[in-house]
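In Swiss-Prot this protein carries:
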COMPBIAS  270-289  compositional bias 'Basic and acidic residues'
COMPBIAS  297-352  compositional bias 'Basic and acidic residues'
CROSSLNK  27  SUMO2 cross-link
CROSSLNK  181  SUMO2 cross-link
CROSSLNK  228  SUMO2 cross-link
CROSSLNK  280  SUMO2 cross-link
CROSSLNK  299  SUMO2 cross-link
CROSSLNK  304  SUMO2 cross-link
CROSSLNK  339  SUMO2 cross-link
CROSSLNK  375  SUMO2 cross-link
CROSSLNK  412  SUMO2 cross-link
CROSSLNK  440  SUMO2 cross-link
CROSSLNK  478  SUMO2 cross-link
CROSSLNK  560  SUMO2 cross-link
DOMAIN    56-138  domain 'SCAN box'
DOMAIN    227-300  domain 'KRAB'
MOD_RES   13  phosphoserine
MOD_RES   208  phosphoserine
REGION    1-23  region 'Disordered'
REGION    31-50  region 'Disordered'
REGION    257-373  region 'Disordered'
ZN_FING   377-399  zinc finger
ZN_FING   405-427  zinc finger
ZN_FING   433-455  zinc finger
ZN_FING   461-483  zinc finger
ZN_FING   489-511  zinc finger
ZN_FING   517-539  zinc finger
């Protein structure tokens, strides 16, 4: 036992001494650097946080030969992984996203890896967006609608050579290629997944077979791979009156027209629903129509009472034919039997939806018994019936296509006055519907209802195929196109179809070569705002590169001390 302990102490003493000396040296260096970086001048606040790519490369390039044993190697590897993934800040989903992104970049062709290294996307979605924009840029260099798929990308990848660099690539691409071309180091086994820019083989020359193979690996021959990527990409162009709400607005307008047709059925029981679906301006218009209807009812009820009065007088002449009770029922309406506007009415006699109060005889105590409540106004085009002539007039606009209500600001016309009132809020900026939870305001009540589902977590629209739920019916419709393969949005230039209108808008910029998003620093333009945001990181890294590697190491040591 003593011999084993002595041998263990003897065998480990040199290593322990080296470890101790190494720790002391590292500690002194860290303290000196911390004093230099975090000391009296407080220059830390001006130092930007280091790029996570630096820690990732340190983790991937770590070698066992640089340690004194397996335990120290494992400990150092954990430390480097901790600095890269930062589990004290990032969630599990974010850490998984980083790992998936790294693997996704590693399976891309070499030339695309070099290009993406300039942008360093933070997620797989950002990488996909960049690749889609790359295809748009490369497609824009060709004659629109003539070249697609592998042939298009193969032609576009030729300018990746530093000598023939294309203007559609980043301004720093030439420097990256030059630095990479002169590098003589070869990647180790542990580096094969990371594929840093300094270890990726040089891109092929023009017309090489490898270039064609790379293009075929990314895009299939029938150009369907790009569509799959589009299905995974996030919806990019979302506006309050954008394409996502188009179907919902049309449906809402149709529902309003149908509600007008069902207003006043059997006495007008659906009045409350109509009041919710129409605007204040249209309500005033309806009130006038209701007043006319009420006047017509009063006239008919008065004639009915006169007829009943005469009948009662005739019946009173023959008392032997009826009992006293029957005489009272068939007699003229008295003050007790008659409900007027000044008197109190029972709940069954208030007549929802009649607009104005009017007197009713005892023989017509409920709205269901009103004889004029039938749908007497019929549409000649489709045969649909309505209880009011005003509802029929509104309905006929569907067939005639008439849009009498025009906006004075932009000239846009509408078939209903209520739709014009809602549209004018775009110009006035009025947002009367406010969320009680966060205070955010909306111009449409329907948008407020959709917003409140964010707080409640309600997702009432579920896919029958996969069970995935959505908070908006339009999102469910878009999702179901993945199962059905429907692509209703077709390009008029080249005939290519898409399952979302936003994708068609982006695709049209290939033909128009429109790039509305421009960088204010270097003047480079992009087709998407998200790509411009990623481009800004290049300028941010230029500012960060002004700091020495020692400052970045000191910052990493500071992060470690804060854990």
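Positions of Cβ are set from backbone N, Cα and C atoms, glycine also.
There are 20 other Cβ atoms within 10 Å of the Cβ belonging to residue 478 (SUMO2 cross-link).
Note on the zinc finger (405-427): DSSP counts are 11 helix, 4 strand, 8 coil. Mapped onto three states, the DSSP output places residue 478 (SUMO2 cross-link) in helix. Ranking the recorded sites 375, 412 by how many Cβ atoms sit within 10 Å of each one's Cβ puts 375 at the top. Here the C-alpha separation of residue 375 (SUMO2 cross-link) and residue 412 (SUMO2 cross-link) works out to 33 Å. Cβ neighbour count for residue 440 (SUMO2 cross-link): 14 (other Cβ atoms within 10 Å of its Cβ, all protein chains included). Between residue 478 (SUMO2 cross-link) and residue 440 (SUMO2 cross-link), the C-alpha separation comes to 26 Å.
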